[in-house]
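For 11-104, 114-200, 212-307, the entry in TrEMBL reads repeat 'Solcar'. Here TrEMBL flags 290-311 as transmembrane segment.
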Amino acid sequence: MVGYDPEAKCVSAAEAAAAGSASGLVTRVLVSPLDVLKIRFQLQIEQLSSRNPTAKYHGILQAVQRIFREEGLAAFWKGHVPAQFLSVGFGAVQFMAFESLTELVHNVTSFNARHSFVHLVCGGLAACTATVAVQPVDTLRTRFAAQGEPKIYPNLRHAVVTMYQTEGPQTFYRGLTPTLVAIFPYAGLQFFFYNILQQFSKWVIPAEAKSAASIKDLLCGSCAGVVSKSLTYPLDVVKKRLQVGGFEHARAAFGQVRTYGGFLDCMRQIMREEGPGGFFKGLSPSLLKAAFSSGLIFFWYELFCGLLCALKSPESTKRKEG
């Protein structure tokens, strides 16, 4: 169902956008706590270890307990409104672009639109398109998830106005370079491995076992998300560090803060002060999030597309007429 299939095409670009946005919305609600943990870990300068007395967060369980104690249950959904805009917008643009690109490949080239390497390239390009469209919302989401108490930004409108007036419009695109550098291989590999795993699963699971299809989509998506996230994670850390530039005063309660001059300067400082391990801070919650979010995104997308196809089927039309 993911990608253009000339033999079973029943979802238009607009319907792919609707299915993508719906899958993003449902998935975001479920994985938001892991996203908050990941961002907190990525932004912490101190080593993530209980042996470091100055470190605010040491591990997943300790961080969950501390955030809950200091900020309450709602803290795990900090920045949820901009995050939902991000998920809905990204899902809509990404899947619409992916379906359109794979159809274009089928129509104007000799390549097989179902080939894994076609999915690699089209998946990367689709994600880059979606990233440019939603980057301002991603920056807002990161700011909300990163701020402590008392809050610097009480609501979304205040954040947008304050950031625009004090830092200029370019602040909404902080971290865009590492984001694009990271998102192409991440999303491309995600679609690539999902395609390969789906093809492999056809050998393992009999075609008539329809009840296993949804579980298969979930597992294939989860595995694809973990592999692709592991390979591209350092660039995600750099992106998050750049997105909170100019926001250092709101980070005082979390430990040390740093100012970065750009993509390369950020990488140099992390390597010099934190070592190679600094590029993998927050990897554990990030991999958990990647497994859940990637699996759920593909699961819900396939499910919603299947429902749309079912509604358009001749049997469904006959039932409506009857």
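Residue 1 is the first one shown; counting continues down the chain.
From the backbone N, Cα and C atoms, a Cβ is placed for every residue, glycine too.
Broken down by DSSP into helix, strand and coil, the repeat 'Solcar' (11-104) contains 73 helix, 0 strand, 21 coil. Sorting the repeat 'Solcar' (212-307) by DSSP state (H, G, I as helix; E, B as strand; all else coil) yields 81 helix, 0 strand, 15 coil. Across the repeat 'Solcar' (114-200), DSSP helix (H, G, I), strand (E, B) and coil residues number 73 helix, 0 strand, 14 coil.
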